[in-house]
């Protein structure tokens, strides 16, 4: 965790329907990762993100408030928007994690174990993913991450070449290697995520020959993969679709997660228009993931 | 295969929207298993089933035609219904299977291998399910079966007690045992399915202590399971829901597949009304599967 200074947390209380737009507004302010709490499923949602403590947080707060309220002009109801700022000390944050974040079996085979926990496998063939979640990259147990891991388990057979776009904490690259993917290359446009991923690779034996570097989507990347996995919001996934066509052979698989419910249709439409066949759609809460195959 | 006489195949050409109703009409005629071909996804579909050659097939054909055309009175468009009858000789049927039915890796771990095929695992930890599909119970590679297997792989952790309702060929019981379920009990209301299941258990080492018998849903069954799996059409799943409540402890998992798209909402509604929390919905083509957890 030594990479992190104190962070400032921003919570935007809004409606479920405004979540993708609010996430977008925060990302345009260079927010470091987005968390969404809509577990109550009552129409309300809170979008949470973090900023380093050297930004002008008052200006950001004001901008976010203004822009979120403007959503009503675009036919979206953001509800009674409330933007709450709080300082997070790294120490208390880390402490918090250690209280709440424990080993979790995601599938019959894949189990995520926090770096600080000593976990004993109950079944000898369980695959253990050691993870220091890092501050803004999630615990690996968010629905979208679980669905992406599930999709990898459905898709991989062993020996594949895999691209992991927007790797975050590196959890999907680690899972893919454990499931037998052979050559893996991972990217994130956030240098801090790349650092976190490198640390997580170091926690897991057998990851040392996975490449990870800073890159925006697949811009300027050469070569093709058998499987491309991307767990990101739909707004970021849409421009990735034509790139995925270019970087997959016919029959190659494209796994996307991080799709908020109301973005499913546009994702499916774009995938089909780009020649993908939809194999499977999975829904957990308000999130969707897709497994698609590149056609002719 | 020696249990089967010559069979008569009935194909009903209709529309996708009429598929559940047509399936129901055929089941009420005591059809032996239903296959649905709507792969073209063009609005048309063919419902295929088999009858033993000692039935009055001309009467059945006429009844099915009449009832299917009546669907229009219920607001369903069955299209230009065509009912086609053909004799199937067991010999040519079995030959046909051997040509078209080969080993298939369903997930990273689960692979279905026809009884007559010699299959070499590529990965040492692959789990092999040997299957003689039997005439009317599917190959184990239908989308609903695949989704049920996937749901088992997501749900099982090892050591569970599992009920398999409407086991068909026994494929899900075999998968569950391979994934670590401890005590398994399976039922089917069709004695021929129960025989087929016993034969398939005999093809797979370690299955000899799984109970399988003739029963309608969970009628008269005592005891509780950690997981109940049922891959059947929604019309049959609906009356199973209250029984599943009774036979699961709080936190127990209920896996359903075989849900045609237009029956998803009524399944979800009934599950919620019976206190289930919906964990995941998966879609493949026009089929849906659900993983749900019993609440308070």
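Cβ coordinates come from backbone N, Cα and C, glycine included.
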Can you pick which of A:145, A:282 TrEMBL lists for the same S-adenosyl-L-methionine site as A:166, A:188, A:231?
A:145
Other than its own, how many Cβ atoms are within 10 Å of the Cβ belonging to residue A:188 (S-adenosyl-L-methionine binding site)?
25
For residue A:145 (S-adenosyl-L-methionine binding site), name the DSSP secondary structure in the helix/strand/coil scheme.
helix
